[in-house]
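Colleague: Copied straight from TrEMBL:
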type     : residues : note
COMPBIAS : 361-371  : compositional bias 'Polar residues'
DOMAIN   : 178-325  : domain 'EamA'
REGION   : 343-371  : region 'Disordered'
TRANSMEM : 21-43    : transmembrane segment
TRANSMEM : 55-75    : transmembrane segment
TRANSMEM : 87-105   : transmembrane segment
TRANSMEM : 117-138  : transmembrane segment
TRANSMEM : 145-165  : transmembrane segment
TRANSMEM : 177-196  : transmembrane segment
TRANSMEM : 208-231  : transmembrane segment
TRANSMEM : 251-273  : transmembrane segment
TRANSMEM : 285-303  : transmembrane segment
TRANSMEM : 309-326  : transmembrane segment
Amino acid sequence: MRSFETSQLEQEQTGTKQDKNMVVGTILTVVALLAGSAIIPLVDEYKGVPFVLRTLWRCQLLVIYCLPIGAYFCYINRADIDLSKVFTMETLLEFLCSAFLWTTGSSLLLHSSDYTLVSHTSILVNLGGICIVCFNIIRGTPVHKLEIIGTIFVIISVVICINDSSSSKTNDQTNIVLGDIIGLICSPIFGLYFVVSARLLKKLPSICIVEVSFTIQFFITSAFYICFYDIKDFYSFDIQYGILGWASSEYLLYSLTAIGIITGVFGIGGYVFTLNYFPPHIVGTIYLLEPVVGQILGIILGQDNMPGIFTYVGTFGIMAGLALSIKGDLMKAPKASELQDKDSEKNLSMMHTPSKESIDSENSSLEMMLK
């Protein structure tokens, strides 16, 4: 009787703990979604600042804020980190490639948002997975039919989005076609970034990869700015040309809170922490809501006017296509495991099923013994 009561109490405590974890995970997910959606609108609030310098400012803040998060994840995952694989030339080249791709993609992303709507930019730059599907189709790699249908949905919807001539920015430099083309260029760049990052994820926690990549990105972006821009006021707090312009009296509080904490800790770190409560495909699906939330924030902040009908149709078409692709990708894994199980069963049955020759041999031996 006592053991029954004890087991019942343990089940109740386990259920309560799971409920609490679900609540915490849901809160983290909502915060991460809002913060992730706010990245483009909030960074665009640096009015008149060159997009390369905006990238450089955000980079510095993320290096500062993500450092303790990265250190924490390194500590809790220290048993799984193999230093012999981390400190190699191959890993160094992967980090350099990752940082270069992220630098190029994030700079083009901010440049795209200068000309087109937040929803266009945020959804077009997230088509890296579709680019990988197209590459696999060209290569002849097996692709699920839902991935193909989703890709067709996305391509048609992108064309609809780009043809939206009724939408406009509030900064008098609206060019939907140019902004969308720049956003599309980001897609394969971020697709390659995720491929390289997948290799690094086998060696280090994701937030550590982000931290190291941002540190390298800071030096790459600084070198690019020095080569192609006027560096007269580069080493200063100037809000138009200074490397420390984010720390000027005009932007300091905004940079530390909106850019550092919201887009840094919650926007990037939030999704990483969310993976402790939900599987990756759930977290990935949440990204599909970012363009909608980001567009609402863009309108509230006065950066965009209300979108036209083509933006609504195109955006929801792209979201539907991405959802189908995600589902198709998830359905491939069970099929692969089933095929592997069938092969193993077949091999096992072949091992235990006697051949015709062995049966004939056993029969002849038995006849000789009887004689």
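Please read every residue number as a count from 1 along the shown chain.
Using N, Cα and C of the backbone, Cβ positions are placed for all residues, glycine too.
TrEMBL does not curate its annotations; it predicts them automatically.
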Colleague: Can you give the mean pLDDT for the domain 'EamA' (178-325), rounded to a whole number?
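Modeller: Result for the domain 'EamA' (178-325): average pLDDT 81.
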Colleague: Residues of the same chain, at least six outside the transmembrane segment (21-43), with any C-beta under 8 angstroms of its C-beta?
Modeller: 54, 58, 109-110, 113, 118, 121-122, 258-259, 262-263, 266-268, 270-271, 273-274, 276-278, 283, 286-287, 289-294, 297-298, 301, 303
Colleague: Given a Cβ distance threshold of under 8 angstroms, which distant residues of the chain, six or more beyond its ends, lie next to the transmembrane segment (208-231)?
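Modeller: For the transmembrane segment (208-231), the far contacts come to 50, 52-53, 55-56, 59-60, 62-63, 66-67, 69-70, 73-74, 95-96, 98-100, 102-103, 106-107, 197, 200-201, 241, 243, 268, 272.
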Colleague: Mind checking how the domain 'EamA' (178-325) divides into helix, strand and coil residues in DSSP?
Modeller: 110 helix, 1 strand, 37 coil
Colleague: Return the stretch with the most CB pairs under 8 A relative to the transmembrane segment (309-326), choosing among 87-105, 117-138, 145-165, 177-196, 251-273.
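Modeller: So the stretch in question is 145-165.
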Colleague: Residues of the same chain, at least six outside the transmembrane segment (87-105), with any C-beta under 8 angstroms of its C-beta?
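Modeller: That would be 55, 125, 186, 189-190, 192-193, 196-197, 199-200, 203, 209, 212-217, 220-221, 224.
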